[in-house]
Amino acid sequence: MQLFDELKTISKKHIKANKKAGEKVPSGLWISCPKCQQSIYHKDLGKYKTCPNCYYGFRIHARERLEWLVDTFQEFDTDLETKDPLNFPGYKEKLIKAQQDSKLNDSVLTGIAMIDDVEFALGIMDPYFIMGSMGTVTGEKITRLFERATQKNLPVILFTASGGARMQEGISSLMQMSKISQAVKEHSNAGLLYITVITDPTTGGVTASFAMQGDIILSEPRALLGFAGKRVIEQTIHQKVPDDLQDAETVLKNGFIDNIIKREDQKEKLAWLVKIHSMKGAF
């Protein structure tokens, strides 16, 4: 009995010691990949914030992506102000918080960028700005991006990340789909290149409009791409669908996108694509 009492005492001391040590360990050191479920030490994500196992690109702010994507950037339309046309409960507070967190006036960052002396119009959607939803200012900024690109004879590269149209703005947000699509059409009629890069997640009205209108449609690995979410689909058709139904790899196999591109390769390959399509007489 004495032996068991000693073991109990040792165990209690060990538990207390571990508990104290555990309290000093900061949170966020280990992150679980939402796609492959592998536990990742936070520093192993690197500057690109990608899973070293399956190459899934973790969701990042638009300005964070900008830091490693381009050499120079001139931002446009920072003065546009999002309104609350429906006086939707809590919308103003959500906007203020999203603007403070993202340092954007709405869910997309737009401007003129350069990589290796290649100039192009660039748009980057922010998945953390009210789920990257598309409101009237988002639509206006993207429309102006294409209009400027058409005037300046520039290609457009647009990184999409969105939960769809912003419900707090009602029908006005849905109207942005046709508004942007018209600007995309005019840009295309001018014989200019449009590249979309799908990032996680790209859904709803953004998928149903400008995200899938690119001349070249690329995607990051394991990005979710679809119109309705998996749960909505299952409730509609009353049957289970595969977990990877809307993964970029499945969408690629079915011919809806052209290629999958890792984050560390994006700067070089996007510049190369713009260069070869700007060569006179290349095709």
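Cβ from N, Cα, C; glycine included.
Looking at 33-54, 231-252, 253-274, the stretch flagged in Swiss-Prot as zinc finger turns out to be 33-54.
In sequence order, Pro34, Lys35, Gln37, Gln38, Ile40, Pro52, Asn53, Tyr55, Tyr56, Arg222 are the same-chain residues whose CB sits within 8 A of the CB centroid of Cys33, Cys36, Cys51, Cys54, the residues recorded for Zn(2+) being left out. For Cys51 (Zn(2+) binding site), the number of other Cβ atoms no farther than 10 Å from its own Cβ, over all displayed protein chains, is 22. Counting residues of the zinc finger (33-54) by DSSP class, helix then strand then coil, yields 4 helix, 4 strand, 14 coil. Long-range Cβ contacts of Cys36 (Zn(2+) binding site) within its own chain (separation 6+, distance under 8 Å): Cys51, Asn53, Cys54, Tyr56. With every protein chain in view, the residue among the binding-site residues Cys33, Cys54 whose Cβ has the most Cβ partners within 10 Å turns out to be Cys33.
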